[in-house]
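According to TrEMBL, the feature ATP binding site maps to GLY87, TRP88, ALA89, GLY90, THR91, GLY92, LYS93, ASN94. The annotation domain 'Torsin-1A C-terminal' is assigned in TrEMBL to 257-312.
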Amino acid sequence: ALEPVSVGLAIGVASALTGFLSHPSFYCSYVECCPSAGRRLNATALKMKLDAKLFGQHLAKDVVLKAVMGFSNNPSPKKPLTLSLHGWAGTGKNFLSQILAEHVHSAGLRSKFVHLFLATLHFPHHDQLKTYKEQLQNWIRGNVSACPHSVFIFDEMDKMHPGLIDAIKPFLDYYEQIDGVSYRKAIFIFLSNAGGDLINKAALDFWTSGKQREEIQLKDLEHMLSVGAFNNKNSGLWHSSLIERNLIDYFIPFLPLEQKHVKMCIRAEMTARGYAVNEQVVQAVADEMTFFPREEKIYSDKGCKTVQAKLDVHEDG
């Protein structure tokens, strides 16, 4: 028979070991945990990453950095942070949302607390709109219950069925709680090509008038984008209560990229592949891109979207 002292000692050791293994600092080093309530984002690291990876988007970098850090440093926000990113494909909307996700949850898009919705993949059938609304509400409710700092990214908003996104309106509003769940620490990001033509025209007007693109301010474009999205049946936000209730905090324009920005993308891609930057290759890839307007050839019509594919052809060069 075991001595009582031996039994007590074994129980004590087991209890201590269990306590150590279950301690957050140990447990969360092996299993992804939701960030603690008091954790703040690293503004310096986020700025450095945006400066190094996002080219030609002074407005987007400045607005997102200030908005995200202000939200992160607020111990009691009144509502979730909601951003709507607009611009043509290849201008950096997805890239910025990925960078932001990585700074909230280190695993980025692989994190179980970051949720990416693609309109054409997750909500393809218009006749199932009611079902999609219920699924979307249940998904957001369940995930915010598990982690208040959840990030939700809605890509292809311009392909979203009209009225679908309004299903999440209660979660974006100024409610302290809904059925015992607070959504105030979550982040919602919408990505859309809608408004790209308006942004491009405004950028071209600035260029024509002899102004630098860096002179374009948010106030020059934001109202135009919100009104345009509200009145555009193909924006995903057509007559949306999210706009009517002013629940989208910022409409952020992504400007068309000039050739110098495309070259930055090419150099960054070469560096990411472990190549030495070859300026002849950089120029050759840039020369294969198409630009508009046809005569002036100022802006890339695909941004940096095709850089990777075009660089593949020059790998042996």
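Note: Cβ is positioned from N, Cα and C throughout, glycine not excepted.
Nobody curates TrEMBL annotations by hand; they come from automatic prediction.
Secondary structure of the domain 'Torsin-1A C-terminal' (257-312), assigned with DSSP and counted as helix (H, G, I), strand (E, B) and coil, comes to 29 helix, 5 strand, 22 coil. Cβ proximity to the ATP site centre (mean Cβ of GLY87, TRP88, ALA89, GLY90, THR91, GLY92, LYS93, ASN94, cutoff 8 Å) flags the following additional same-chain residues: PHE95, ASN193, PHE254, GLY303, LYS305. Counting Cβ atoms from all protein chains shown, GLY92 (ATP binding site) has 26 others lying within 10 Å of its own Cβ.
Within the group of binding-site residues (TRP88, ALA89, ASN94), the Cβ with the highest number of other Cβ atoms inside 10 Å belongs to TRP88. Comparing local CB density within 10 A for the binding-site residues GLY87, GLY90, the maximum falls on GLY87. Listed binding-site residues: THR91, LYS93. The one with the lowest count of other Cβ atoms within 10 Å of its Cβ is LYS93.
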